[in-house]
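As recorded in TrEMBL, the features of this protein are as follows:
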{"type": "DOMAIN", "residues": "14-89", "note": "domain 'TECR-like N-terminal'"}
{"type": "DOMAIN", "residues": "164-317", "note": "domain '3-oxo-5-alpha-steroid 4-dehydrogenase C-terminal'"}
{"type": "TRANSMEM", "residues": "94-116", "note": "transmembrane segment"}
{"type": "TRANSMEM", "residues": "175-193", "note": "transmembrane segment"}
{"type": "TRANSMEM", "residues": "205-224", "note": "transmembrane segment"}
{"type": "TRANSMEM", "residues": "265-290", "note": "transmembrane segment"}
Amino acid sequence: MKHYEMKKQSQRCQVEILDAKTREKLCFLDKVEPHATIAEIKNLFTKSHPQWYPARQSLRLDPKGKSLKDEDVLQKLPVGTTATLYFRDLGAQISWVTVFLTEYAGPLFIYLLFYFRVPFIYGHKYDFTSSRHTVVHLACICHSFHYVKRLLETLFVHRFSHGTMPLRNIFKNCTYYWGFAAWMAYYINHPLYTPPTYGAQQVKLALAIFVICQLGNFSIHMALRDLRPAGSKTRKIPYPTKNPFTWLFLLVSCPNYTYEMGSWIGFAIMTQCLPVALFSLAGFIQMTIWAKGKHRSYLKEFRDYPPLRMPIIPFLL
């Protein structure tokens, strides 16, 4: 019996790769090791079809099924000695780091163009003039700090479970971030801009909210980074640490989104600017969708996941 099992494990497999749409045979791989991973099969497939590099490939067991993970092992899949896999082209890919750096550097640069009132924005007589309102300068500092923080986190903090995303996403993301940055900056730095209704007290309260939430957001990002060793795709349940800002993990699955939302609410209160409020609303809707998705994944993957947690807003949502 043991001899039979060893023989079965040592028996090499054949892998047939078909187009998921047309069912056309694209590739036939002979003598594939049973312990080969999907990532290794993708590399073998690329040798016969160089135009489809591994990051561009989606391999699945069913034409309409879910993509197999790169770390999945062939012999652990429900296939025989001849495996049929279905291929879908994910399109041109670009690294997450490149996308994040591009979409975050844009708002930083664009906002400063309006802040310094470069020519052709507000009229010749306002070229390179400065606002007399303190809140305008404070808003520029906060906005710049936020995006510099995001750029540094992208380079030194975040660890991505997926190395790439579709190239088309960079155009969609940049349109969103760059467009809103220009819209907000135009009104906040406009020569006719008026300060918030309740003056300095409103600005101080909003600044406190913004700073606290930025610290909280950074703390959560560091806690999430420590959960995943470099180069690993390991997923664990995030729990609070000794840092008080991480205690929000007791109530929500994605406190980084909660703090991010809080930062923009603070910025909206500080500037009392409609485009900022709309950007905050759009961000809240998108982050709620992401948070719900992550919350569902946690519940599905971990049976002992804390039952009191909500996706993004404690006790509500």
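Along the chain as shown, the residues are counted starting at 1.
Cβ atoms are placed via backbone N, Cα and C, with glycine included.
Contacts between the transmembrane segment (265-290) and the transmembrane segment (94-116): absent, as fewer than 3 C-beta pairs lie under 8 angstroms at sequence separation of six or more.
With a cut-off of 8 Å between Cβ atoms, the residues of this chain six or more beyond the transmembrane segment (94-116) that come close are 128, 136, 140, 143-144, 147-148, 150-151, 154-155, 158, 160, 162-167, 169-170, 173-174, 176-178, 180-182, 184-186, 188-189. Mapped onto DSSP helix, strand and coil, the domain 'TECR-like N-terminal' (14-89) counts 17 helix, 28 strand, 31 coil.
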